[in-house]
């Protein structure tokens, strides 16, 4: 009876062409030195990611996603009034996080810190699975992601990208294990998080298919991937369909907001390639690390050519797939009219870490345990400076780095010194105030003004209301005074907090 059940299960499982010596019990073996090292590394990663938990205010997109979460939680669960241009999975998780811990910048960022920490052992498991020297590869890959400046910079944020990365890496691990249904399930979660998830689909499918020469096995794997995708995607699409009579789909709205994609003119390609290279430099943020990686990559390739019999070719194929995927990701963003925002390149961070594990595994395969420990220790020392820089917010990637400093304090001053129903004018802070003032009992009237003429006109129509204007240092009020004077109004500075100055509109003194 036992052998019959085993044979049936074996027929349903796609045989992974990659290293089969690691199973889930191995990954969870808490008695191993590797697992203790991984736990310590996660704790170090947690400390680095926690430093910026409440240091900076929300970036405007973080404020927008958090506002969406509040609307979902309180009064618009189908987003019929507040249209969203991102798939809803991250927004739903953020809403439940707010419900559990309260709506704040810190609680929103804790979600992504936890997601980033979960990604560390998954990256390690992928590297172990695809290496002939699992412990060394896993330790090096986990270190490369735990101390990765990109990952650290985006952990204490409320962006959608860390969840996309976790789901994408989980799909890769499932594909390596020969679990197409679970790979599809994880890909579905990625798709329901952000549109850029489509980049993970060809990589996961390639890992599943490579080495499986039988057409029947490949077709079965693809069908099971589709089943996993459907289990995740169909319920969300059904939820979305309930809105179509009133509101557009997030995917449709995303296309409208970002514009149609197209091939860029050839003369723009070199500049975009260089801009992407500048961003990818922050995968280590250290010139010495890049030199060391270049040298070790050369040694790893030479080792692969000279001692091919010692390393399964399937592991080399997997590394080649990752390199090809990174190159394709880079190339598509260089030649297609996609925005070159730094967060769009966060998915490269885990692939880079896994490749570091593959390279390290090659180099350390024939070394002693002492040599491996020393090499991993040196790897940690090399990566730490960039990690510390990222934790301090000293790198120009991630969330806000001081542009919105003082906004919360200025809002608190307004709460203390303005009557209920006061009018607050701004030029670039609508998404922030939607979040910060969502549950404010003072019922401010928040008004966006495009020009001095619009401000003067609207303020003149509200003579009975207290009227305030908030302006950041990076967008000062210019040419407002003549237009206000024409309406017998003037601006009086009341308080300056960080980057922001609050003015009150009062009758002009003669």
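The backbone N, Cα and C atoms fix where each Cβ goes, glycine too.
In TrEMBL, the transmembrane segment annotation falls on 182-209 of the listed ranges 182-209, 378-405. Of the listed segments 86-108, 247-269, 316-338, TrEMBL assigns transmembrane segment to 316-338. In TrEMBL, the feature transmembrane segment is placed on 158-176, out of the ranges 63-81, 158-176, 424-442.
Matching 221-239, 449-467 against TrEMBL, the residues noted as transmembrane segment span 221-239.
Cross-referencing 4-23, 344-363 with TrEMBL places the feature transmembrane segment at 344-363.
Note on the domain 'Glycosyltransferase RgtA/B/C/D-like' (85-239): mean pLDDT across this stretch is 95. Counting Cβ pairs under 8 Å that are 6 or more residues apart, the transmembrane segment (182-209) and the transmembrane segment (33-52) reach fewer than 3 and are not in contact. Taking Cβ pairs closer than 8 Å, the transmembrane segment (133-151) reaches residues 19, 21-22, 26, 34, 37-38, 41-42, 44-45, 48, 116, 119-121, 123-127, 162, 282-285, 345-346, 348-350, 352-354, 356-362, 364-365, 372, 375-376, 379-380, 383-384, 386-387, 389-390, 395, 397 in its own chain, all 6 or more past its ends.
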